[in-house]
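Reviewing the structure listed below.
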There are 2 protein chains.
Amino acid sequence: MTMRVGVVGGGQLARMMIAPAVELGLEIRVLAEQEGMSASLAATQVGDYLDLETVRAFARDVDVLTFDHEHVPQPVLRALVEEGVAVHPGPDALQFAQDKLVMRARLAELGMPQPDWAAVASADELQAFLDDHGGRAVVKTPRGGYDGKGVRVVSAATEAEDWFTALAEDARGGALLAEELVDFTRELAQQVARRPSGQIVAYPVVETVQRDGVCAEVVAPAPRATGRLAAEAERIGLTIAEGLGVTGMLAVELFETADERVLVNELAMRPHNSGHWTQDGAVTGQFEQHLRAVLDLPLGDARPREAWSVMINVLGGPADGSLEDRFAAVMADHPRAKIHTYGKAPRPGRKVGHVTVVGDDLDDVAYEARAAAAHFAD
Amino acid sequence: MTMRVGVVGGGQLARMMIAPAVELGLEIRVLAEQEGMSASLAATQVGDYLDLETVRAFARDVDVLTFDHEHVPQPVLRALVEEGVAVHPGPDALQFAQDKLVMRARLAELGMPQPDWAAVASADELQAFLDDHGGRAVVKTPRGGYDGKGVRVVSAATEAEDWFTALAEDARGGALLAEELVDFTRELAQQVARRPSGQIVAYPVVETVQRDGVCAEVVAPAPRATGRLAAEAERIGLTIAEGLGVTGMLAVELFETADERVLVNELAMRPHNSGHWTQDGAVTGQFEQHLRAVLDLPLGDARPREAWSVMINVLGGPADGSLEDRFAAVMADHPRAKIHTYGKAPRPGRKVGHVTVVGDDLDDVAYEARAAAAHFAD
């Protein structure tokens, strides 16, 4: 029987599951937030993922429910699981991606290396954390942040005053997350896939370059990653996937510090921007791997196809037209560049596509990927 | 503006255009013969491709019309071209893929090496051809054959009597094609992509293994293909694509003879089974390349990603169930195998999917591809 995967959310991550689903011969259905989204080709329903009835109706005819994002509320997820729906990743795992305070506490239990952190329920508590950490810290809203949203570097508790005010008005209450401002030398990311029945595979650790809080570039594998560093990143990824019971793809964003430590920054329990290189650069792309994992099918080979892959995000896009208007120029100059666009209108800072180049020589590959992506810039 | 490609025909070739279309950000629409076909995800219309009105209505909203097969009649194609529709490949090229006698005559004009051949309008003429060629020959119906259908090896003219009778009843009349039975050592195929504006790229020549007239295996590049052989196959592919004005993908099926000649067997003007390895084994897969070519976009890099690719067709499939029932076993044993299925019900001899393995060692790659595909056998 054809296996049916239901994806909640119609963004580019759902869109990029379409290609491997079609090739494998899986049926993919998408519950989109609105018409005309990135994954509209597979959208079978438009509706509100906050609403149990809507998600329940969508889940009725699929073999597994998975996600384009981590925003489906716990009560919705738990109700579905109780009713027998296969939900992957499940609510027990997803809570750690939905609430950064819960995540920090659990990672501490697992002994994972992470920045100093504290739950701060008031300006006074944040000030105390600042006083203990050289007067600067990162403050994060535990829920709802992404791509740099809900994250602030502060040097005085007053700079988070609005967030404390919002917290006081939020029925869920709680605290903000304060973190040590890590003096990192670069950022890394570790991708891991895990099946409900336990099989787990790790991709090579990659280097990510963020700009304005948004992933801009990924180099895979991470250059100058010593065996020790790569092994440590893999150990962290595998430990978290198992410790948190993640199913599907897990991305662990990491800081590498000047004193050669690796600290966990953020988690994502889905295909992630730092893994887009795998579509063209690995034997099994992360979107295929995610589909296999959530269906509890044996996982694919996670090894790179060639020595180096460089992925460059297209952010914003040309204000004077569409990405397609630049295809002729990009393709003419860069015949080996793999172009991916998301069917989204250009808007400053918005992720509208990415370009990956794969090859033997890192300098060539990086130069070509950047040059190709630059054609799409405004 | 989003570029829109309309594909006539809902089979697996149209299906395999979906993945690259989605990734690039092209809109793909399919005119399917019926509901529930391989390319149903992109099917926007069901209708008869023999009917001008149906195809005209489908072509109205697309930037280019292309094909899953070569069966759209010339009058339909020519009417659309006259009305300004971009049709690629166009009728002037497609006639050579639609009528093997027209093809043989044109290849002769181009000086292409091919088997001895003759148009035989009667049993007497066929007998004369047999007498001149050692008493055996291949007889083909000029139109409508594929996958070994419409092809017969005969040693007496009486063995084609039913075809001559059918010919006499066919308003288009004409003749059968008689061809020398070539003493070939193996079969090869040459893929070429060509844009309307003239740019042309060649893939490496591949070896194909046919069973019962159907492609069973492809090894890319063709092993033991000397520089001279590969260059000759490429020259033939490029000459035919240019000489016939092909746009999109062209596949040239070739015989390699014991005396080291290469002879043209058949042509296909579309992505072709002998090029499926490119999805996983080349920088630019033939389905992406076809889309780029028919849209007159610059062509992608046609080089292999790794040393060897082996593609094995899944023919028939398990009579006792579906291909998906075998996924767990195939994937567990062969994590690097790339599995492609076409959403078609298993039926003896039917092409229902294929498996490709890519790697450095040909023996390993071939063994693994065959072993993986064997899981899907009955």
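Placement of Cβ uses the backbone N, Cα and C atoms for every residue, glycine included.
From a predicted model like this one, the values you see are computed outputs, not experimental measurements.
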Please pick, from A:K100, A:K338, the residue that TrEMBL records in the ATP site together with A:K140, A:E179, A:E180, A:L181, A:V182, A:E187, A:N265, A:E266. A:K100
Spatial neighbours, same chain, of A:E187 (ATP binding site) - Cβ under 8 Å, 6+ residues apart: A:E207, A:T208, A:V209, A:Q210, A:E253, A:L254, A:F255, A:E256, A:N265
Applying a 10 Å Cβ distance cut-off over all chains shown, what neighbour count does A:E179 (ATP binding site) have? 22
Neighbour count first, Cβ atoms within 10 Å, every protein chain included; then name which of A:K100, A:L181 tops the list of binding-site residues. A:K100
Do any residues at least six apart in sequence from A:E266 (ATP binding site), in the same chain, have a Cβ closer than 8 Å to its Cβ, and if so which, in order? A:K100, A:V252, A:E253
Taken over the domain 'ATP-grasp' (A:104-295), the model's mean pLDDT: 94
